[in-house]
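Take a look at the structure below.
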Amino acid sequence: MDWKKEFIDFSFKKKVLKFGVFQLKSGRISPYFFNSGLLSTGIDIIKIGLFYARSIIDSKNKFDVLFGPAYKGIPIAVATSIALKNHYNLNVPYSFNRKEYKEHGEKGDLIGSTIYKKRVIILDDVITSGTAIHHSIKIIEKQEASISSIFVLLDRKEKGIRKLSTINHFRNQKSYKIISIITIDDLIEYVLEDKKLKEHIPQLIKYREKYGI
């Protein structure tokens, strides 16, 4: 099985991915919903780490360290580092930020490997408003590091207020390379091949035509 389809299948079985009628924070009525917060077991995080690792290897990106934005990005960075070692024999360091600066003990807002003047991959689940990514970029640039790429689980490929998706807004800002494990196009292809899910095709295509980029 193609690993992208494997990821969608895994997400659907875990009820992380659902098809139906859902109101998003934006107010839009969506024919699908993706909730990565339901991935909360040891097996879940092992699998997620492997999906990110596969995506990183396939991208052929050159990088030195993984960075996980607090809070959801932290376990993703750890799991991906483990997967890269276990499956590709790459001993990749990781780093993450804390949301509260500490003046005592392990001072500062960074934990883990140094990112100073390193090539950094940012790992997050889904870019919605982009707040966590914006904050991460500031932290990384403060360390005189460069952003090799940003990896996310899902790109909804939707227009925002700027007529661009949040992801494409980032791409246009500084030509950041943003790679998603799956997109709405992958979801539609998956549903087309599943007889039990084909009823959702009209709504998915209509939604993509209305809000897609």
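Backbone N, Cα and C atoms are what each Cβ position is placed from, and that goes for glycine too.
Taken verbatim from Swiss-Prot:
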BINDING   K25, 71-72, 98-99, K102, H104, 124-132  5-phospho-alpha-D-ribose 1-diphosphate binding site
BINDING   F33, F34, T128, R156  orotate binding site
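Counting only residues at least six positions away in the same chain, the Cβ atoms of S11, V16, L17, K18, V126, L153, L154 sit under 8 Å from the Cβ of F34 (orotate binding site).
When Cβ atoms from all protein chains are considered, those within 10 Å of D125 (5-phospho-alpha-D-ribose 1-diphosphate binding site) total 22, not counting its own. For K72 (5-phospho-alpha-D-ribose 1-diphosphate binding site), the same-chain residues that are 6 or more apart in sequence and have a Cβ closer than 8 Å to its Cβ are S36, G37, D124, D125, A132.
Neighbour count (other Cβ atoms within 10 Å of the Cβ, all protein chains): 10 for K99 (5-phospho-alpha-D-ribose 1-diphosphate binding site). Of the listed binding-site residues, namely K25, R156, the sparsest Cβ surroundings within 10 Å are found at K25. In this structure, K72 (5-phospho-alpha-D-ribose 1-diphosphate binding site) belongs to neither helix nor strand by DSSP; it is coil. Rounded to a whole number, the distance between the Cα atoms of R156 (orotate binding site) and K99 (5-phospho-alpha-D-ribose 1-diphosphate binding site) is 27 Å. Cα of R156 (orotate binding site) to Cα of K25 (5-phospho-alpha-D-ribose 1-diphosphate binding site): a distance of 14 Å.
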